[in-house]
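Annotation source Swiss-Prot lists NAD(+) binding site at ARG13, ILE14, ASP35, LYS80, ASN316. Among the features that Swiss-Prot reports, D-glyceraldehyde 3-phosphate binding site is placed at SER151, CYS152, THR153, THR182, THR211, GLY212, ARG234, with the record citing similarity to another entry. Annotated active site, nucleophile per Swiss-Prot: CYS152, in sequence order, evidence recorded as sequence analysis. Sequence annotations record features per position, and here Swiss-Prot assigns site 'Activates thiol group during catalysis' to HIS179.
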Amino acid sequence: MSQVNIGINGFGRIGRIVFRNSVVHNTANVVAINDPFIDLEYMVYMLKYDSTHGVFNGDISTKDGKLIVNGKSIAVFAEKDPSNIPWGQAGAHYVVESTGVFTTIDKASAHIKGGAKKVVISAPSADAPMYVCGVNLDAYDPKAQVVSNASCTTNCLAPLAKVIHDKFGIVEGLMTTVHATTATQKTVDGPSAKDWRGGRAAAANIIPSSTGAAKAVGKVIPSLNGKLTGMAFRVPTTNVSVVDLTARLEKGASYDEIKAEVKRASENELKGILGYTEDAVVSQDFIGNSHSSIFDAAAGISLNNNFVKLVSWYDNEWGYSNRCLDLLVFMAQKDSA
């Protein structure tokens, strides 16, 4: 199958990292970008320089109102209304919706009016079907025009939860994600009417926050529906987060048995999705890691054979953006079958 042509709506953190991933891994061909808040020259600058992932490894320039990357021409639009973006004209059959604004089927479907065939929302959705690579792609329905890639945290938790649940059975569990700062947070204390704590200075605080990531696992693994919930701590780091899953198991297992099962899955059916390490790692060691989830064998503990705490890392930008592309490519293959 030839490379799938894609468009990116919203050239923020995820939009730009999706683009970088498409170049590094050569998985998809970005033919168009839309962002009404960034002019072309600023787009070049933001793509070229990144405080977390470094300088872009390639040639970036502009010509005739288009972005030129490694000699390839990419159409650039600045439409606020997604229905006005000429995706079809640009040849973008699949669109990554990464603004964080158009996260429902109704809103994201506006891209279809512009000529896109399918839309992947790079965020959880209230009504679009959610897919997590390595977990529930077998449930993909080609009739769906709009789907969600869930959240970065769900992409970390779900593969690990699947391995544990399939082998040992999860009776119930609580998840905590220690999550890096994101763009919605404040540099200094500022107004945040819906989340007072979320308005406090990101660099100065550990901020408790809500997350639907654990509950969302129940949507992609129906047998876990109602068995998991969780919360988050936002911490003063710029990238890489870590999931702590504390679970009660149906079938008793030693921690060594759990480690062995996760390692087995990481080398087989979840290779490339779930990683495994026994090294004495810290968060910076995972910047640029393309796995959805990397199990930290040395960090977990068990109280007894039925009650365990499991730890798994994730680059919440790079790994997640990789999965956006993987999902698009999977959809394109299924849609053309």
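Including glycine, each Cβ sits where the backbone N, Cα and C put it.
Predicted, not measured: the structure shown is a model, and the values here were computed from it.
Note on THR211 (D-glyceraldehyde 3-phosphate binding site): other Cβ atoms within 10 Å of its Cβ, all shown chains, come to 22.
Across the fold, the C-alpha of LYS80 (NAD(+) binding site) and the C-alpha of THR182 (D-glyceraldehyde 3-phosphate binding site) stand 23 Å from each other. A sphere of 10 angstroms centred on the C-beta of ARG234 (D-glyceraldehyde 3-phosphate binding site) encloses 24 other C-beta atoms.
Annotation for the recorded positions THR153, HIS179, THR182, ASN316: lowest Cβ count within 10 Å of the residue's own Cβ, THR182. If you measure from the Cα atom of THR211 (D-glyceraldehyde 3-phosphate binding site) to that of ARG13 (NAD(+) binding site), you get 19 Å. Under the DSSP three-state reduction, THR211 (D-glyceraldehyde 3-phosphate binding site) is assigned to coil, being neither helix nor strand. Sparsest Cβ environment among the binding-site residues ARG13, LYS80 (other Cβ atoms counted within 10 Å): LYS80. If you check the binding-site residues SER151, CYS152, THR153, GLY212, ARG234 against ASN316 (NAD(+) binding site), the ones with a Cα inside 10 Å of its Cα are SER151, CYS152, THR153. The full span of the recorded NAD(+) binding residues, ARG13, ILE14, ASP35, LYS80, ASN316, taken as their largest Cα to Cα distance, is 26 Å.
In this structure, the CA atom of ASP35 (NAD(+) binding site) is 19 Å away from the CA atom of THR182 (D-glyceraldehyde 3-phosphate binding site).
Here the binding residues for D-glyceraldehyde 3-phosphate are SER151, CYS152, THR153, THR182, THR211, GLY212, ARG234. Their largest Cα to Cα distance works out to 16 Å. DSSP assigns HIS179 (site 'Activates thiol group during catalysis') to a strand in the three-state reduction. Listed in sequence order, ALA123, PRO124, THR211, GLY212, ALA213, ALA216, TYR320 are the same-chain residues six or more apart from SER151 (D-glyceraldehyde 3-phosphate binding site) with CB atoms under 8 A from its CB. Counting in whole angstrom, ILE14 (NAD(+) binding site) lies 16 from HIS179 (site 'Activates thiol group during catalysis') by their C-alpha atoms.
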